[in-house]
Structures are given as structure tokens and as C-alpha cells.
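Have a look at the structure below before the remarks.
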Amino acid sequence: MSIAMRLKVMSFLQYFIWGSWLVTLGSYMINTLHFTGANVGMVYSSKGIAAIIMPGIMGIIADKWLRAERAYMLCHLVCAGVLFYAASVTDPDMMFWVMLVNAMAFMPTIALSNSVSYSCLAQAGLDPVTAFPPIRVFGTVGFIVAMWAVSLLHLELSSLQLYIASGASLLLSAYALTLPKIPVAEKKATTSLASKLGLDAFVLFKNPRMAIFFLFAMMLGAVLQITNVFGNPFLHDFARNPEFADSFVVKYPSILLSVSQMAEVGFILTIPFFLKRFGIKTVMLMSMVAWTLRFGFFAYGDPSTTGFILLLLSMIVYGCAFDFFNISGSVFVEQEVDSSIRASAQGLFMTMVNGVGAWVGSILSGMAVDYFSVDGVKDWQTIWLVFAGYALFLAVIFFFGFKYNHDPEKIKHRAVTH
């Protein structure tokens with residue numbers, strides 16, 4: 001098997017694990033374990049906490065003491081055990097701590113999988129710029145396949161989804177032992193601990209434009225987590241209406257939600273055109289408007305013919321909402337930051353989005369869901385309209401508050417990756 005194919009298998013399993021539970025665990029906790037919205041939000045906030053502290057720490061370990069593929073193997077071995085135990089947990093506080101341990105082991109594997117891929121491709125004499133994107137696409141495929149499997153097997157409200165994720169983690173841990181050895185980087189005496197942790201990038205907050213950018217990254221990061229947490233429970237709640245109880249939306253909500261991931265792949269291909277033609281500010285603004293539409297379509301969507309079209313449109317615009325912000329934001333950081341702290345700045349960007357933003361978004365969205373619930377019945381239309389209003393508010397403030405002059409030549413030859 002070629003190294004490219006071996007890495008595709010790794011990428012497939014990496015995101016298959018996540019897809020097994022990320023969008024359905026909320027439904028399991030709400031409908032089966034009867035957790036509150038705040039409980040569910042707290043459990044999902046573990047992802048944000050782990051994203052803040054773990055990638056930098058694990059990066060130091062992989063750089064200094066442990067080969068990357070071995071660190072990757074150990075992380076997934078921990079995930080396998082923790083996810084197996086999580087399937088038996090029924091207390092919300094315990095679920096938070098268990099999923100926090102899982103997140104602290106899993107979140108570093110995203111960066112480690114990229115590092116392993118780049119190193120293996122370099123060892124094989126392949127150009128990562130052209131060879132890596134097809135490998136990463138297999139990750140999206142793995143995520144979608146897992147969602148479909150859990151949905152078709154009717155496991156969305158069952159703890160078995162966690163057993164599936166545990167088994168896949170164990171398989172990937174064993175598979176990692178077969179990967180080529182990744183040499184430990186030689187120590188550089190001039191590299192400080194703060195630099196390794198990405199803390200030197202905090203100097204960017206002295207620049208007003210960069211400070212505003214990172215602030216918006218955090219606030220929009222809060223939006224990214226909302227549909228992962230509550231999109232699936234929202235669709236399951238249509239079962240309360242006898243008219244929709246046997247509908248496709250209620251029976252297979254994850255299959256419908258997987259259209260969002262499919263849309264991601266399509267919108268990725270359009271990013272170079274939009275960046276060059278309209279500039280980063282406009283592309284990021286389009287993302288915020290797309291988030292407004294995402295939530296707005298959810299507010300008025302249902303399993304009826306017209307309502308289903310709105311739900312489908314919500315899934316499609318998700319691709320724009322997610323990709324246009326994450327990737328254009330990364331390109332902006334690449335352009336604006338000095339090369340000496342560029343890697344740290346990219347890490348700070350991801351920490352603000354997937355760490356602080358995701359943590360805040362998980363907790364506040366859970367509180368909002370509870371606030372607009374009466375006797376366990378959620379007013380989903382109001383909930384989604386509140387989230388849509390928040391995204392629209394961000395778009396308006398961003399339009400007037402973020403200054404950026406578009407120069408097509410700056411991004412003419414810049415590669416865009418996801």
C-alpha cells in the first residue's frame with residue numbers, strides 16, 4: 001500500500017471517530033439521559049477547554065521526547081478507553097469530566113495527524129501542497145460515513161455510538177504502530193517555552209486591527225459549536241409532532257446533517273476565486289451572513305415539503321459559513337503576521353476559534369436552550385432566531401468595525417488548504 005493510501009486510511013479513521021458521536025451525543029444526552037441544555041453545553045465545552053491547553057503541550061512532547069506517531073498512538077489508546085467508559089456514564093457532571101479527558105487526548109491528534117502526514121509525505125519525496133488535500137478529504141468522508149452508519153443503525157439515541165467511537169479509536173491506535181517513524185526534532189536552544197506554546201503571538205493584541213480580528217474570531221467561534229451540539233436534538237424533537245414522527249428527518253437526522261459536510265467540500269473549491277475577487281473582509285462577512293441564514297432556515301424548517309427545503313438550504317449554506325471564515329481567517333493571519341511568529345499566530349487563531357470561542361458558545365447556547373424551554377419542551381424557532389440575530393449582529397459590527405483594503409495580488413499565488 002502506498003504511503004498516500006496509508007495516510008488516507010489514517011485520516012478516514014481520525015474523523016470517523018469524531019463523526020461517530022460529535023453531532024449525535026447531544027441527542028443521546030437530552031433524549032435518553034434527560035440532561036438539560038446547560039448540562040449538554042457543559043459537556044461539549046470540554047472540547048474548547050482541551051483545544052486551549054492541549055495542542056501546544058502535546059506539540060512540545062512530540063517535538064522533544066516522543067515521536068509524533070507514537071504520541072498519536074497513545075492519544076488514541078486513551079480515547080478508546082475513555083469513550084468505552086463514557087458509554088456507561090449517566091450523570092452529567094461525570095460525563096463532563098470523562099469527555100474532558102477524551103477531548104484532552106483527542107484534540108492534539110488533529111494537529112498530530114497533520115504533522116505525521118506532512119513528515120511521511122516529505123520522507124516519500126511527495127509535495128505536501130498537492131498530496132495532502134486528497135488525504136484530508138478522506139477525513140471528511142470518514143466523518144460522513146460515521147454519521148450515516150450511526151443514523152442508519154438507529155444508534156443516535158444509544159450509548160452504542162460511543163462504543164463504535166471507542167472501537168475505531170482502538171483500531172487507529174493499533175494502525176498508528178504501522179506508520180513510518182517520525183524523527184524527533186533537534187532541540188533549538190533559542191526556542192523558549194512561551195514560543196513553543198504559542199504565547200509569543202499574544203504581542204499581536206497590541207495591533208488594534210489584529211486585536212479586533214481575534215476578538216471576532218472568538219465571537220464567531222462561539223457560533224461554530226452550536227449546530228454540532230443542538231442541531232441533531234432539534235431534528236429529533238420533530239418526533240413530538242405525530243404528523244412528522246415517521247418522517248425521514250426524524251428517522252435519519254444525521255444523514256440530513258451530513259449534507260453540511262458535503263457542502264464543505266464544494267465550498268472549499270470556491271474559496272480561491274472569492275478571496276481573489278472580493279478580498280478577505282468580504283469573504284468573512286459572507287460567512288457571518290451564511291451563519292445567519294443557517295440558523296434562520298433552521299427556525300422555519302420542518303419535515304414538511306417546504307420546511308424540508310429550508311432545512312436542506314440550511315445544510316448547504318453551512319459549507320459557506322464554516323469554510324469561508326476558517327480558511328479566509330487563516331489566510332489573513334498568514335498575510336498580516338511577521339514570519340517569525342506566523343506559526344504561533346495560526347495557533348492563536350485556532351485557539352480563539354476552537355478553544356475560547358467553542359467553550360463560550362457551548363455554555364451560553366446550552367443556557368439559551370434551557371431559557372427558551374418550558375417543562376422540557378424547547379421553543380426551537382425562538383432559539384434559532386436568537387442565534388441568527390447574534391450572527392447578524394456580528395456581521396453588522398464586523399462590517400463597520402474591521403478595516404481592510406483588498407489587494408488581489410497579495411493572494412494571487414497563495415495556496416488555500418483545509
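A Cβ is built for glycine as well, from the same backbone N, Cα and C atoms used for every other residue.
Checked against Swiss-Prot, the domain name for Leu66 matches that for Glu336, so both face the same side of the membrane. The stretch from 137-157, 255-275, 278-298 that makes the most Cβ contacts under 8 Å with the transmembrane segment (210-230) is 278-298.
Outside the topological domain 'Periplasmic' (231-254) by six or more residues, the chain places 23-24, 26-27, 30-31, 40, 147-148, 150-152, 154, 156-157, 298, 302-304, 308, 311, 377-378, 380, 384 with a CB less than 8 A from a CB of the stretch. Of the candidate ranges 137-157, 160-180, 307-327, 349-369, 307-327 has the most C-beta pairs within less than 8 angstroms of the transmembrane segment (255-275).
Tallying C-beta pairs under 8 angstroms between the transmembrane segment (349-369) and each of 10-30, 137-157, 160-180, 307-327, 382-402 places 382-402 first. Below 8 angstroms of C-beta separation, residues 90, 92, 95-96, 157-159, 229-230, 233, 236, 362-370, 373, 378 of the same chain, each at least six residues beyond the ends of the topological domain 'Periplasmic' (31-41), sit close to that stretch.
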